[in-house]
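Trainee: One structure, as structure tokens, below. Some questions next.
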Amino acid sequence: MRDRPTSPSLHTAWLNTPWRRWYPAAVARPAMSPAWWTWVASRDSLTARLIAAADGRPFRVRLLDQRIGRPSNDEARALGLKPRERAWLREVALCIDERPWVVARSVVPLAKLHGQRLDRLGERSLGHWLFRQPDLERGPIEVTQATAGFHDGHGPWGRRSMFHHGRFAVLVQEFFLDTMAAELSLPPR
Ligand SMILES: C=C(O[C@@H]1C=C(C(=O)O)C=C[C@H]1O)C(=O)O
């Protein structure tokens, strides 16, 4: 069942943003301020970090879209999928005070779901479930940056990594937005 996007404008804007290719985080580090590096390279839960940064303001996972579909070619390559192989796709906005700070897109090959009923997650954080798994393993973090369009010439930073829990595997992609930079007084890059 497809959960209808609750914010088509944000959903469309983000999906239509051209992103550069992905780099190992360490390669991108020289181009990134230490303040951003703290966020982009952290290996713990982004949900937990955002809740802490919200400093008591309400945090919400806003479900934009969730369905079985075809990953992008880039995602299929990262997941080692055949070109037309389908996957479980989830897109959310992580919001503080109803303002999106991060948009995220997670992709699980159907063959890697192993009975996990993630369609029941709704607006609970995927991270909240992932970081409760004692055998959770996180792969290396890769970084990208949007080309112009989102933010006067400086696109936001994006990051992705694989999470493994037993035979379950998910590619989690997170894109940090201007709202977050402004709220936390982070530099453009
Ligand atoms: C992986 C995490 O889960 C977060 C929550 C997501 C969701 O609910 O779909 C997606 C990406 C993450 O930003 C995390 O908190 O670190």
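Heads up, the Cβ atoms here are built off N, Cα and C, so glycines get one too.
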Trainee: Would you identify which residue of R77, R84, R86, R90 TrEMBL lists as part of the substrate site it also attributes to L126, E174?
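Mentor: It is R90, as the record lists it for that site.
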Trainee: Can you name the residues of this chain that are 6 or more positions from L126 (substrate binding site) yet have a C-beta less than 8 Å from its C-beta?
Mentor: R90, V92, A104, S106, L118, V170, V172
Trainee: What whole-number distance in angstrom separates the two most remote CA atoms of the substrate-binding residues R90, L126, E174?
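Mentor: Max span of the substrate binding residues, Cα based, is 12 Å.
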Trainee: Going by DSSP, give the three-state secondary structure for L126 (substrate binding site).
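Mentor: L126 (substrate binding site) sits in a helix per DSSP.
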Trainee: To test your reading of the substrate site: which residues beyond R90, L126, E174, same chain only, put their Cβ within 8 Å of the Cβ centroid of those residues?
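Mentor: Along the chain, the qualifying residues are E91, V92, A104, R105, S106, S125, G127, V170, V172, Q173.
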